[in-house]
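Input: a single structure, listed below in structure tokens.
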């Protein structure tokens, strides 16, 4: 359990950093777009540690899949609570732009903040693993250049998997958008945890381009372009189809 305690301390540190960063920028409403940076940083940094527990925790620390899924759900739940109003997800940012809810400049700045947060989270996690505070991190540090890619199928199958999962997820997300946070946040966390587990043999269903960038783009097996096609275009296709289906009557009325 000592190894897990180190990971829990890491999660707590990342969450406190994200919450402090968000509270700092709440004083300047015009800089609200900066909230996307900690939202992305916290999500990627915590998910990287969850991925480490999943990859080596079972035989280095005796941590089974049930522990990993529980931790992932709690991470997503905590992220939804402390990052309320920010998504840390470029796909959701683009969806809000397509729904005319955010202006162009705000969208571009949000996307830049999200990918910056993901990149810095990856660098920070690498430094954290290099400290080798437990057996899991020692092994992770040794295999960091040989990480296992989350994409375990062909490009066509990968795009299809991400597209289908994104379509279903955004259908649920839009239906919960106006619900109370007490209902919406736990349900969204549960849905994302379910998709991640169900698609673990395909793409992991990140449904988040910046998250995928931080978790698997640096792993060998596919090129940056191939990863981009699956993890960036796949969710965009699924989201676009979802918007068309959800708002089809409005689109057809405008055309008429």
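Just so it is clear, glycine is given a Cβ too, placed from its N, Cα and C backbone atoms.
In TrEMBL, annotation is done automatically, which means it is predicted and not curated.
Sequence annotations record features per position, and here TrEMBL assigns transmembrane segment to 6-24 (among others). Long-range contacts of the transmembrane segment (6-24) within the same chain: residues 35, 37-39, 41-42, 45-46, 49, 52-53, 71, 75, 78, 82-83, 86, 128, 133-134, 136-137, each at least 6 residues beyond the stretch ends and with a Cβ under 8 Å from a Cβ of the stretch.
Per TrEMBL, the feature transmembrane segment maps to 70-87 (among others).
Residues 10, 33-34, 36-45, 48-49, 52, 88-90, 93-94, 102, 137, 140-141, 144, 209-211, 213-214, 218 of the same chain lie 6+ residues outside the transmembrane segment (108-130) yet bring a C-beta within less than 8 angstroms of a C-beta in it. According to TrEMBL, the feature transmembrane segment maps to 108-130 (among others).
According to TrEMBL, the feature transmembrane segment maps to 150-174 (among others).
With a cut-off of 8 Å between Cβ atoms, the residues of this chain six or more beyond the transmembrane segment (181-199) that come close are 69, 72-73, 76-77, 79-81, 84, 161, 165, 168-169, 172-173, 205-207. Among the features that TrEMBL reports, transmembrane segment is placed at 181-199 (among others).
Remote same-chain residues near the transmembrane segment (211-233) are listed as 40, 43-44, 47-48, 51, 88-90, 115, 118-119, 121-122, 146-151, 155, 158-159, 162, 203-204 (criterion: CB distance under 8 Å, separation of at least six residues from the stretch ends). Residues annotated as transmembrane segment in TrEMBL: 211-233 (among others).
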